[in-house]
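To keep things clear, I will list the structure first and then write my remarks on it.
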Amino acid sequence: MSEHKEALTRRASLNYTDQGWVDIQRTTFKNWVNEQLRPLGLDVEDLRTDFTDGVNLVTLVEALTGRPVTGAVSKPANQYQKIQNITVALDTVAKDGVKIINIDSSDITEGNMKLILALIWLLVLKYQGGLGAAQHRRWMLAWLRSVLPDCTINNLTTDWNDGVLLHALLEFCKPGVAPDWRQLDNEDKLNNCRKAMELARDHFDVPLVLRPEDLCSPLLDEKSALLYLSYFTRVGGPGYNATRDRIQERLKDTEISNFTTDWNDGKALADLVTSSGGHVPEWPHAECSAKELLQQALDAGKELGVEPLLTAAEIEQEKSEHLGIMAQTVRYVGLHPGPSRGYGSTNSVGFVTDNHFSHYNGYHNSHDTITRLPEKVTLIDDDAHSSHTNASSMSAGNSASHATPSFQLVRKSSIKSPPEIQIPSASNPFRIDIFSVGVIMESKMTGREFDPDQFKVEAESPSGRVIRMVGDGHYSAQFTPDEIGRWRVSMFYNNKFMDGCPIDVCDPSQVRVRDLRGGLIGKQQQFLVDCTGAGKGDLGVDITHKGKRVSTFVKETSTPRLFKITYTPYDAGPYDVNVHFNRAEVRDSDFHSTDPEERQRRAVFNTSVVKEAGVVKINASCDWEVDYVTGGPFVVHITDSSDIQVYGMKDGTVCSSPELIADCTKVGDGEITADVTHHGHRYPCKVRKDQPGVYRVNFKPKGPGVYKIWINYDGMPVKGSPFVQEIAELGNPVAYGDGLYRGMPGIPQTFTVDPRGHPGPITADVVGPTQNVPCQLVPQSDGTVEGTYVPRETGPHSIDVRMEGKPIEGSPFKPFIVDPSRVRVPGGWTPLVNEKGIIPLHVNKEKLLPFDASDAGLGELSAEVRGPNGRIPVAIDARNDGRQTVIFTPREEGKHHINVKWGGFPLVNSPYEGFATWDPEPAVYAEREIVTLRPIPLIKPVEEEKEIIPLIVGQEKDLTFDTSQTGPGQLTATVRGPSKAVPVAVDDQVPDKPSVLFTPQEEGKHLIDVDWNGTPLTTSPYIGYATREPNNNNIYRAPPNVYVSRPPSGPPSPTRMKDEDKDIIPLKVGKEKQIPFDASKAPPGRLTAAVRGPTRKVPAAVEDRGDGKPVLCFTPEEEGRHYIDVDYNGAPLPQSPLLGYATRDMEPNGYPSGSPPVYLAGHHPRDGYPVSPEDKEIIPLKVNKEKALPFDATLAGPGHLTATVRGPRRPIPVRVEDRKNGRPTVHFTPEEEGQHSIGVNWNGRPIPQAPLMGYATPDDGPRYNGLPPVYLAGYHPRGSNPYDPEKDIIPLKVNHTKQLPFDATEAGPGTMTARVRGPTRQIPVAVDDRKNGKPTLSFTPEEEGKHLIDVDWNGQPIPKSPFVGYATRDPQPVLISPGSSRPPSVREDPDVSFRSSTASLAPYQPTKVRVLPTGSARSSPKVILSGRGLKEAEVDKPAVFHVDGTQANPGKPTAHLEGVKPEMYTPVRVEPVRPQVYKCTYVPKIPGAYKLYIKWNEHALRGSPFKVNVKGPKRKEPYRGIYYQPRDNRPLRPGQDVLINVDHPDPGRLTVACTDPRGNTIPCRFLDNQDGTRSLKMTPTMPGRHRVDIKYNDQHIMGSPYNIDISETQVHGKVRVWGPGIQRGGILNRFESNFWVDTTGAGAGELRVRIMGPKGAFHVKMRKASQKDKLYQCFYDPVEAGIYTVYIQWSGAHVEGSPFTVLLAHSAQELEMMSDDNRSMRSPPPSIAPGEGSPRSSAVVNKNDFLY
C-alpha cells in the first residue's frame, strides 16, 4: 500500500511545478506575518532576507506569544548577535509547544526559503486558532461539507478556484451577504474570488492574506488555503459564530458558548443528538459518567448516519482545540428530527420513511451461517452491539483431554482505513479504504506435552483452494474475486480435526452502479446496483437533496443480487446518492481497476500458542481484507425545464444600446416586461418579440456606471434577475478579428472595427508582399464596421486602419497569409494508411506523421489529436529544411482524430482518422486449462425453446445438450430449488448428447447451472418452475388469467380474439406508451412482450413493481399498425396480440407530416397498409376496362380531390366523382399494357400514398418478349452491376438463413416460386410476396458445398436462373494446452471431425469469384500481421512481428528473409502465443535491404515479400557540453556564476581545468542535474577571456576548450523620476497620467516601463523629450478607478522608488477610503523581461507584483 501511495503521490505531483506553489505560499505567509506585525508598525518585504538578523523574528514571536523574549539584541552588530536572536526566538516557541525539527539558526541566516516557510507554518498551526491538531485538514473538510451541503467539496485547493464556494461560505456565515452565489459564472474565476474576498474583508474583517489571483490559480497550495479559511473557523470568526448559533437553536435543555469545555460532560452532545432524532438511553436523566454519556451519544449519532470524528475520551478531555468538536456537532444541523428508536420504522440512517426501506437486508451473519457452534460463540461487529450464544461442549479428540474452545466471529467495518491516498483528479480526490471480515478461534488443551508443529489452521476457499498455517506465526496470501463467498476455517492437531466454522467473505469493490444519470423534476428516475459479484451483504441506498432525504425504493430484479432503485425528484439541483454495501461506501465503477497493486485482496492469518501452568492456550485469527474506493457520494443533477434563459449580456459605452435576449421557448410565449435602474433612478426598457418565444430587451444608457436590468415573465422575476451590465465612457477605437492576424489566399478574410461611439470616417488599406489588396468596409447594425479583403498571395501583409485619418490602436496590423494546400506528405498517404484510408495506430507506441512544408513558405505547423476520451499530448519536430513531423502516442484503443493545421488553418482533408489497437500479447495461462467454448445448445425434446422450463414436483426432468461442436470435455450441473439444492445426475452414454437428470422436490423457481470443463455455458443458468399438478402445465400452455388493466370495451374473452373484434390502442410516434396489466389472479410468473411496427421491431420493456400489476412501456418509431404480443410465463394472453395504431402529432398546416389524411379505400394505415412508395401494393388493371378507385377523405376536412394517370407512353383521361360525403371516386380506362402512375391530390397537396402504382394486362394475362423481367435485387441488366453467373457466386453459411430479394416491378401481377438443391438433397424454401413487386426468397443451407437456386415467375424461369450459391461452415476452434503448439487429441467418433491445416475448404472453387453483397455475408478470412519487424531491424538485435490467423483457416505460418547476397539469408523462428496467433523472431547479421517472405499453410500472403531495412550498429557520438548564455544576452560580470552542461553522467572519468586571463586556475565543481547529465559551475573573479578545458579519457569533448568573455562591472549613475503620473493618488477625471524619466547621468543602459492596472497590464507610450540629455516622457491613459502600479527599470534594475503605487478614484471620499484600505506593504520589485511593456505584450504578472 505504501508503494501504491508513493506512486500516486508522484503521479499527482506531475500536475504542478514546485516554483508555482512556493510563490503562492511565500506571498501568503508573508502577508500573515505582516498581519501580526502591523499593530507594531512593522512589516517585512522579503522573508528570505528580513529574518536574517533575527530582530523581526523576535518581534513576531513576541506578538504571537504575548510576552517578551529574553536575551534578544535589538540592534545586532555582528553575526554572533544575529544568531543569538534567532536562537532565543526558536527556544521561546519550542517551550510553547512548537515542535521544531531540522530547523536551526543557520538556516534562517542563510535565507533557506523552504525551511523559513516550514517554520512559519509551524507558527500558524500553533497560534492561528483551530489548526493546532494533526487532524486539522480532515476536520476543516468535514466542517465545510456540513455547512455547505449543496456544494461538492473534495479538496481545499482546486475546488475553491472559481470563488463559488467562498461566496457560499459567506452566505452561511451571514445570510444575505452573497444570496446569488448559485448564479455565479464559474468561468469568471478571478472576479468571483476578488469580490468574495472583499466581502469577507468588509463584513467579517478577514484580511487578504491570500491574494485573489492566487485563490483562483490551479497551483494554489493547501497550506495557503487552510491559513485563509482558518480566519473563518477560529474562535470568534464568522464561521465559528454562525455554527455556534445554529447548534444553539437546535439544543433544548443546554446552552453552549464554545466548542471545547461546554461539551466535556456529554450533556450538550446528548441534547443535540436527541433533538436531531437520535435515541440516547441515559438522556435526559443521565446517571452515568461523562465518558459513558458521550459514547452513548456518539453511538446514537451513528444510527443517524453521523460517524464520529473524535472518540468519547477525546471530547471529554478537549480544552483548547475546538475545530474537531465544531466539525462533529455541525453535522447534526442538517438532519431533520424524526421519532426516536422504537417509535416507527426507520431506514439505515435513522430518517423516518413511509414504510419503504432504502436498503436490502441480504447479509446473514446469524446462526444459520454456522453449521455447528462451540460452547461459547461471540459475534462482534464494529458497527453493532455484541451478543453471546451458548452451545453444547465438544471434544478436541482422543489424543487430548477435554477442552473448552471458543470462537470469535469478527466482521470489521470500513472505519478501519489506511492513510489517505490522494488519487490525481481535477475534481474528486478518492482514497483507498479496507473492508475486513474475519474469525478468531480460541482453545485450551491440557493433559500432555503440546507440540506446536502439530498444530495447523486451514482455510478452504469456495473454489477449493486451501491455505494452511502451521505452528505459531503470521501468514498472508492473496485471494481472487472468484473466491468471494463462503470459506471454511478449521483447526487440526496431529492431523486430527479440532473444530471449525464457515464464514461469508464479501467484496464491496465488486458492487457496480449503472445507468445513474440526471433527469427532470417530477419524473421518476431509476438506476441499477449490481451486487452479483460482491457476495452476501446488505445494500443501502440513501438519496438526499439540500439536506433532506428523498423517498427511495429498492427492489431486487429477476436477476439475483441485481437491484433497481427508483425515486422521484421534486426540486431542481444536485442530489447526493450514497450507496453502501455492508456499510462500505460504493464509488464510481469507472475507477475500479484490476491492477493487484491498486486492488488487493488479502487473507491474513495469525496464530499464537502460549503455555501457562500446564495449560496450552491456542489463539488463531483469520482476516479477509479487500481494498475498495471511497470518496463521497454520487452527484446527480436534476433540472427544471421551465427556466427562461437570458443571454447576450455585453458591457458597452454611453453611445451604444445594450441588448439582452430572453429565450422563453421552453415555457411558451408570455408577457415579458423589463426595467433598468441606474444611480437610484428606474426607467423602462424596450422589449420586442424577435421570433416565437424569443424577446430582445434593450435600453439607452444615461451615463457611465453599473446598470441593473430587471426582467419579469408574466409578472414574476426570471431566474438571475436583475442582470448587471457595466457602461463605460467612450474608449479608443479598436479593431479585432482573425483577418487582422492570419488568412489564406483566395478566401475572404474579415475583421471588425469598433469606433466606440466616435464619429468620423474609417479607412482601411491592405498591402500584400507585391501588390495592394482591395478592402471593403460595411457598417453593421450594432455600430461596428466589418472589413473584408481577399488576399491573392502568401506572405506578410499590412492592414492600416484609420479613424479620421489617424491610425487606431495597434495599426498597422500584420496578418500572415499562408496556404495549407502546399503542405504535403512525403511519398503520399498510401504508405501511412490501410486499405480503408485509416491511419493504423498502436496503443502505447509512438506514431510519427511526416509533412513537407518546404513549398508552403513561412508558417507554423500545429496539431491536435483526440482519442476516444479526450485530447492526448502532441509534439512537433520542425526542421530548417521545411520537413516537420507530428509525434504522439495513443493511450487507448479506438478511433483517433488527427487535426493538423498550417498557420492556424487545417490541411487538406484534415482532420485525419486513425484507429489504435493493442499489439498481440503473449498468452498467460492459469494453473488449469481455460477453454473458450462454442455455444452449447439445449435440445428441447417436445416443445419449442422457452425462457422458463416447466417442471413437475416429484417427476424426473431430462435436459439434453448438444456438445458435438465443442471437442472433448465433461458436462457438470447443479440445480437449486427455492430452499435447497436438488440432486443431479449426468448421463453421457449417448455420444455428444449428454443429459442432465433431476427430480424437483418442491414447488417454485429452480436455477439450473450447467458447466463444460468447469466453465459455465453462455446461457447458464437456466430457469425452471415446478408445480404440483402432475398433468397440469397451464402455467405455460393455457392462457393465463392476465388482462390489460381497465380494458377499453367490456370484460376480456377467455378465448383468443380476432383482429376485427379488438379495440385499436391509440399511439403517438416518438412518445412513450404505457399499457398496464393485471396479473394479481395469475400464478407466479413473468410477463414478456414484443412489439412489431409496420417495418421493424420496437424496443419494449416490462416494469414489474412486485404488486401483480406489471406495466408494458415502449415508444413507437413510425406511423401505422403495431402488433403487441404479450406472454405470461411463455403463454400468450387471451387478448394477444393487441393492436395499436401510431400517428404523428398534427403539424401547423393541420396534417400529420404535412400530407392530408386521404387514403385509398381499404388501404388506410390503421389497417396495416404501408404508405411508402417502395412498399405499396401494385393495383391490378385491365386494358380497355374502366377502373374505379374509391378514396376515404372523411378525416381531411373540406376540400376537393384531383387526379392524373399516366401510362407507359402517354397520359390517360381521368374523371373524379365527388358525392360530397368525403368518399370521392377516381375513374379511368387503361389503354395500353404496362405500368401506370396515378397521382392524387387533395386541395392541391399530394395524399400520403401518392403516386399510386398500377399494372395493366390484357384479359389473357401479361405477355413477355422471352423470359419474365424479374431480377435479383441490385443486379438489373440495365444497371451498373449486371449479374454474371460465371463470377457471381452467392455466399452461404451452413445453418444460417439466407434471404435473396428480387425486383418484379416490371413483370406485372404474378407469383414467384423457387427450388433450392444442395449437394445431396433439396432444401425447403419460402417466398415472402409483399404484393409490391419485390418478393424475397428465404432458405437455410444444411450442408457444405454448391447449391442451385431455381426461380420461376408465373411458372416461367426468370433470367439467369438457376443461380449458384456456395455454403461453408464457420471455422472450428482449435484448443491449445499451455506450453504446447499442437491441438489436443480428438477422440475417434463419426460425429466429430478435425479439420487439418492443409485440408481444402471446399471441393468447388471457381477461379474468379465475386461475392454478392446481399444478405448477411461475412468478410472473407484474413491473416493480420503486426510488429516493427515487418519494416525495420538492427544488426545483432532480435526483431519481432506477430501473425494473427484467428480469422483465417486453421494453419501455421512460415517465414524467412533474403538479401542481395546469399550470406544475408536469415531464418525466422515461429513460436505459438495462443491458438492461431504466432510470434516470429529473427536476428539479422548484415545491414542492408531485405525481403521478408511470409506464408500461411504454405500459401504466400498478399503483399509478401515485404521490404525490411536492416540498420547497422549506431556510431557512438562523442560527449559534448552546452554552455548556457544568459537569456537576455547581457555580458557576464565578475562574480556571476557560469554553467556548462556535460551529457556524461559519470564525473569521475572527466577532467576539467579553468584558467583566467593571467593563467591562474579558478576553482570549479560539478553539480548533479538528476537527469543523467552534470553541470560544471565556475565563478570568475576578474574581467577578460577565460578558458575551460573538459576532457574525457584525456580527449577533449565536443566543444572543448570553451572561451568565455567576462566584461568589466559598469557603475551607473542615478536615474531620476518625477511627474504627476506617479503621485500617490488622484481623481480619475482630473488625473494627469504622465511623468518624466531622466537617465542622463546613468551611463549606457536600457529603459523599461511597465504599468499594471486593475485588470492587468496597461499600455504605456514613451517618447524622448531630449536626445542630448536622455530625457524620456511617459504617458498612460487610465479608464477606470483602482490601483495602478508603475514599474521602472534601468539596465534590468529598478530605479529608486520603483515600483510606484497610484490610487485613482471617482471622488475624494472614495480616494480616502482606498488610501485607508491600501496597505503600506510593497512586494519586491519584479524584473521585466525584454519585450514587455509594449502594446502587444502579454499581460503576464509576476506572482510577487501585488500584495493585498
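Backbone N, Cα and C atoms are what each Cβ position is placed from, and that goes for glycine too.
Predicted automatically and left uncurated, TrEMBL annotations should be read as such.
Between the listed ranges 240-268, 385-413, 791-819, 1516-1544, TrEMBL ties the annotation region 'Disordered' to 385-413. Looking just at the repeat 'Filamin' (1049-1142), the mean pLDDT is 78. Across the region 'Disordered' (1214-1242), DSSP classifies residues as 0 helix, 16 strand, 13 coil. Against the repeat 'Filamin' (1415-1510), stretch 1293-1367 has more CB pairs under 8 A than any other of 516-595, 1049-1142, 1182-1256, 1293-1367. Counting residue by residue with DSSP, the repeat 'Filamin' (953-1026) contains 0 helix, 37 strand, 37 coil. Spatially, the repeat 'Filamin' (953-1026) is adjacent to the repeat 'Filamin' (1049-1142); three or more Cβ-Cβ distances between them are under 8 Å for residues at least 6 apart in sequence. Of the candidate ranges 516-595, 1049-1142, 1182-1256, 1182-1256 contributes the most Cβ pairs within a distance under 8 Å of the repeat 'Filamin' (1293-1367). For the repeat 'Filamin' (1607-1704), residue counts in helix, strand and coil come to 6 helix, 48 strand, 44 coil, using DSSP.
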